[in-house]
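What TrEMBL records for this protein:
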type	residues	note
TRANSMEM	20-42	transmembrane segment
TRANSMEM	57-74	transmembrane segment
TRANSMEM	86-103	transmembrane segment
TRANSMEM	154-173	transmembrane segment
TRANSMEM	203-220	transmembrane segment
TRANSMEM	232-254	transmembrane segment
Amino acid sequence: RHGAVKNEDTFKTSPFHFDLWFYFTLQNWVLDFGRPIAMIILPLEWFPLNKPSAGDYFHMAYNVITPFLLLKLIERSPKTLPRSMVYVSIIMFVMGASIHLVGDSVNHRLIFSGYQHHLSVRENPIIKNLKPETLIDSFELLYYYDEYLGHSMWYIPFFLILFIYFTGCFTPVEEESRMPVPALLLTGPSSLYYWYLVTEGQIFILYIFTFFAMMALVMHQKRKGLVLDSNGLFLFYSFIITLVLIAVWVVWLWDDKILRKKYPGVIYIPEPWAFYTLHMNNLHAAKESL
């Protein structure tokens, strides 16, 4: 069953995978979004700066659990999907997430030394005075592995797997094209996490191309008399709400001159952690000084 999709697969149905989507959303929030928070909140003496932090262990668990859940999701597809592409994507996903683990670990530890995420590497006060200056190049290389290579190898296969799964979420039965209550309850947390993923990962182009591909596929399948099932609707609506959240985020920070300098391109989407170190961190410092 490694070849093309069989015709009879088109007419199989699949109930809403509440267990998988719930575990997927929960571990995304706890192990991905929660890892830098755990690193900041937990006492520093528990995790010295020269040892892995609590967030690093969260990241390690994420790197194991997420590929497993993605594989289980693919297995539950009512259609036979290209397994070779899925396996290669999973391998790249693990490699990219592991590269990101190392770079992100060091970058977040630098916060305790005064590193400011809203500034570039060379503009950071703790970096620009390093001697010899070649050390700055090393930190820029670390930033490249973290923010560019790691993110690309992590997120491209991640969205590719979701899209591959999405291609099997169509049914000729109109009655199956509705979202049950559990799906509605999970849509909000799922969308909010995708907002964080796109903004913090700086992967808007990848996200919007995936979303456009989903829209094109929906319109194409509609001409054949096929509609999205509950799992496809959940994924599609999550992406729609994510786009709305990104638009609100951009409009809110549109006139922020400092973040504008950090993100000077045509696509202006600030990272939440850059916003935190610029505004919220300063607010916490001001409260402590009172």
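Each Cβ is built from the backbone N, Cα and C atoms, and glycine gets one as well.
TrEMBL labels come from automatic prediction, so no person has curated them.
Between the transmembrane segment (57-74) and the stretches 20-42, 86-103, 154-173, 232-254, the greatest number of Cβ pairs separated by less than 8 Å involves 20-42. Within the same chain, residues 151, 155-156, 159, 162-163, 166-167, 194, 197, 228, 235-236, 239-240, 242-243, 246, 267, 269 sit at least 6 positions outside the transmembrane segment (203-220) and bring their C-beta atoms closer than 8 Å to a C-beta of that stretch.
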